[in-house]
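Student: I am attaching a structure below and will ask some questions about it afterwards.
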Amino acid sequence: MTALIGIIMGSSSDWETMQHAAQTLEHLGIPHEVEVISAHRTPDKLFQYAENAADLGLEVIIAGAGGAAHLPGMTAAKTVLPVLGVPVQSKALNGMDSLLSIVQMPAGIPVGTLAIGKPGAINAALLAAAIVSNKHPQFRAALDNYRRQQTETVLASPDPRQV
Ligand code: RP5
């Protein structure tokens, strides 16, 4: 099966965060691809990627970026596929700049914005998995299993002093 979910990020320095999205999809067994594409440094590549994404079989795009984080919004401007934005934790402003850049889209061009950093990257993958499971129900069992394991892990260690 070709990739259903595309993970893109503005810089290779975002990989430290975005690897968690890729690892989560790997764990769920959902075909995905990963690429560095910058809204500012490689704008033509971004337009080409977003314009062709649906024709290439992608069903959801996860876009992570930090600072003046235009990647998710500009991607969403060039495709009607669902775009999930992950604000990368920037050094200067701790990711508040990334979060506000991604979340405050004008009406008409939606980006589903997740939390700053690793939790956002993991949840973007889980949300993308839930979206593709509507068309590919074979992945739903993996999501159910993920939730079950998470619950069992918490229930197995109720005393925080013994973790
Ligand atoms: C953004 O600028 C990237 O998404 C990255 O989070 C940030 C810094 O990029 P580098 O200077 O590390 O390449 O475009």
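Using the three backbone atoms N, Cα and C, a Cβ is placed for every residue, glycine included.
Per TrEMBL, the features are:
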BINDING   SER11, ASP14, ARG41  substrate binding site
DOMAIN    3-154  domain 'PurE'
Student: Around the substrate site formed by SER11, ASP14, ARG41, which additional residues qualify by having Cβ within 8 Å of the site's Cβ center?
Tutor: MET9, GLY10, SER12, SER13, VAL36, SER38, ALA65
Student: For SER11 (substrate binding site), list the number of other Cβ atoms lying within 10 Å of its Cβ atom.
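Tutor: That number is 18.
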Student: Relative to the Cβ of ARG41 (substrate binding site), which residues of the same chain, six or more apart in sequence, are found under 8 Å away?
Tutor: GLY10
Student: Of the binding-site residues SER11, ASP14, ARG41, which ones put their CB under 6 Å from ligand 1?
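Tutor: Result: SER11, ASP14.
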Student: Across all chains shown, how many C-beta atoms besides its own are within 10 angstroms of the C-beta of ASP14 (substrate binding site)?
Tutor: 25
Student: When the pLDDT values for the domain 'PurE' (3-154) are averaged, what is the result?
Tutor: 98
Student: Just checking a number: largest C-alpha distance across SER11, ASP14, ARG41 for the substrate site, rounded to a whole Å.
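Tutor: Roughly 14 Å, rounded to the nearest whole number.
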